[in-house]
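Heads up: the structure comes next, in structure tokens.
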Amino acid sequence: MDQGACTLELTGTFLSAVAWICTLSATIMSQWLTLSTSLLPTESYELGLWETCVVQELGGMQCRPYNSMLGLPPDIRLARVLMCTAVASGLLGLLLAIPGLHLVNSCQGEGMRGTKRVAKLLGGIFGLVAGVVDLVPVSYVAHLTVQRFFDESVPDVVPRWEFGNALFCGWASGLLHLVAGGLLVVSSLFWQGRPRLMIPPRTHEDGVADLSPKIKSEYV
């Protein structure tokens, strides 16, 4: 296999693992949106996909999970479904990419090398899907937050939600998934199987091929 393609697949697999960890972290984090008020400067609020939290200035934190999914806002419900889909797609892509690596000793037969290439290609495709599905809910929630923040119909004294750390983690994971998936797809296109060694038959001085078995002669 070409050395450049081997480097691409290793880099793509490593970035895919990092992207999946970031996607999982963004999904379970409660800091999708944050809010702090001047009336209670010692407290701040965090809004996540699964719970809301109140953070005390002294380090205390109290979280309360949502009672019903149907009662959630549409953007939170959509983000839940898409982020879980991104986590599943990223994990599936990673599990397919690892056996397809050239350095992994699996599917080493002559007829199985194509299987490694297909596995790595599917891993890259699932990584690309995970990146797109990851970026959609994060960008949508950020878009709605910006609209609500600059809504002129709301008085200035009313506190507004702002971006939390989970949004930035989600953007990073989505971009990493796209880069990792692209590297895996490109490396699979550069796949080259090991060439078969063809040993030419021995020939006599007159140019006729010698197909007879070699006979060892011993002299006493």
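Here, residue 1 is simply the first one shown, and the rest follow in order.
Glycine is no exception: its Cβ is also placed from the backbone N, Cα and C atoms.
A quick note: this is a predicted structure, and the numbers were derived from the prediction, not measured.
The feature transmembrane segment is assigned by TrEMBL to 12-33, 78-101, 121-143, 163-191.
Residues 12-13, 16, 19-20, 23, 26, 32-33, 75-76, 78-79, 82-83, 85-87, 89-90, 92-98, 100, 163, 167, 170-171, 173-178, 180-185, 187-188 of the same chain, all 6+ positions outside the transmembrane segment (121-143), place their C-beta atoms under 8 angstroms from a C-beta of that stretch. For the transmembrane segment (12-33), the residues of the chain that approach it from at least six positions outside its boundaries are 46-53, 63, 79, 83-84, 86-87, 90-91, 93-94, 97-98, 101, 123-124, 127, 130-131, 134, 138, 141, 145, 161-167, 169-170, 172-174, 176-177, 179-184, 187, judged by C-beta separation under 8 angstroms. Using a Cβ-Cβ cut-off under 8 Å and counting only residues 6 or more beyond its ends in the same chain, the transmembrane segment (78-101) has close neighbours at 9-10, 12-13, 16-17, 19-20, 23-24, 26-27, 32, 49-50, 69, 72, 107, 116-127, 129-131, 133-134, 136-138, 140-141, 170, 173-174, 177, 181, 184, 188.
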